[in-house]
Amino acid sequence: MTIALGKVTKDENDLFDIMDDWLRRDRFVFVGWSGLLLFPCAYFAVGGWFTGTTFVTSWYTHGLASSYLEGCNFLTAAVSTPANSLAHSLLLLWGPEAQGDFTRWCQLGGLWTFVALHGAFGLIGFMLRQFELARSVQLRPYNAIAFSGPIAVFVSVFLIYPLGQSGWFFAPSFGVAAIFRFILFFQGFHNWTLNPFHMMGVAGVLGAALLCAIHGATVENTLFEDGDGANTFRAFNPTQAEETYSMVTANRFWSQIFGVAFSNKRWLHFFMLFVPVTGLWMSALGVVGLALNLRAYDFVSQEIRAAEDPEFETFYTKNILLNEGIRAWMAAQDQPHENLIFPEEVLPRGNAL
């Protein structure tokens, strides 16, 4: 017995096909399936930040003024973290803390969790957008893979670190001066600058900046002369499609400068991708370690000798004293709910004092 299987016909009005056709249609601003996550989350994250920095005080959570309404400027305004007593609560507007009261929700720090979570999902949506567009135009997904670096840093600093501590209170607040305070906090309480993961992150970011500058300058230096103008901007048409720089000339130049040079564009550009992304991932891993209060380098022998010998001091021991000073001065101001009091005689003094 023979059974003939015909082509299965789909309903012309299938909802998925209708949505897929509309979402992925060629338009000035691509939407895509990733846009269903990206655009709402980005809108709420940015809107929440503008709302918080404009109107919302941090008096109830940090004892601070943090909005334009209270006299702050762009550098000092912030959306502050919730109070330490709220631990890791999601602080939902309809949750047991705010009970649907929007004013109370803002006073408790609900905007911080709102901005942090919507911001994280917005960044993930942007990475998915790059995946989706790369697949549509048949590109490899390295743009999306590269963007995983900033996502890793954001998630580790704003979400994983406070999850390892006692609450969202110890995460960075969303503001310029607030981020600076958090950097000082990281140094004082974790000796972050001596952490090898931080060192790898700095090497990655600054190394990428150096590579960018060298690459841009080299391409400009080896452009073919295809015009009569006196300089780059007059001599070359910025809209031309063909490649007009010489990899061979660039290779010869850097071979003479360093003795070695990139032999092909694939390896060169992969290296420019690898350096910053690896640096960002390493720094993110380091922050995850700090969430667990892992220590990095402790040169105890130098600390013991400095304590015993007033004439012995190294840059390391001076930095350790500086960290103790940061902790002593910052903890009392930063955690007023703990009622910490440090008498003058216990504040750290270097051997030179």
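Keep in mind that glycine also has a Cβ here, set from the backbone N, Cα and C atoms.
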Which range, 27-40, 153-166, 265-278, does Swiss-Prot list as transmembrane segment?
153-166
Please find, within the list 103-123, 208-228, 313-333, the residue stretch that Swiss-Prot describes as transmembrane segment.
208-228
If we skip the immediate neighbours and take only residues 6+ beyond the ends of the transmembrane segment (41-61), which ones have a Cβ under 8 Å from one of its Cβ atoms?
67-70, 72, 77-83, 106-109, 111-112, 114-115, 118-119, 121-122, 125-126, 169, 173-175
By a simple count of other Cβ atoms within 10 Å, which of Gln130, Asn143, the binding-site residues in the record, is least packed?
Asn143
Which bits of the chain, at least 6 residues beyond where the transmembrane segment (279-295) starts or stops, bring a Cβ under 8 A of a Cβ in it?
148-150, 152-153, 155-157, 160-165, 186, 190-192, 195-198, 200-205, 207-208
Take the C-alpha atoms of His269 (Fe cation binding site) and His215 (plastoquinone binding site) and report the distance between them in angstrom, rounded.
9
Cα distance (Å, whole number) from Asn143 (pheophytin a binding site) to His118 (chlorophyll a ChlzD2 binding site):
22
Three-state secondary structure, which DSSP defines for His269 (Fe cation binding site):
helix
State which of the following binding-site residues has the fewest other Cβ atoms within 10 Å around its Cβ: His118, His198, His269.
His269
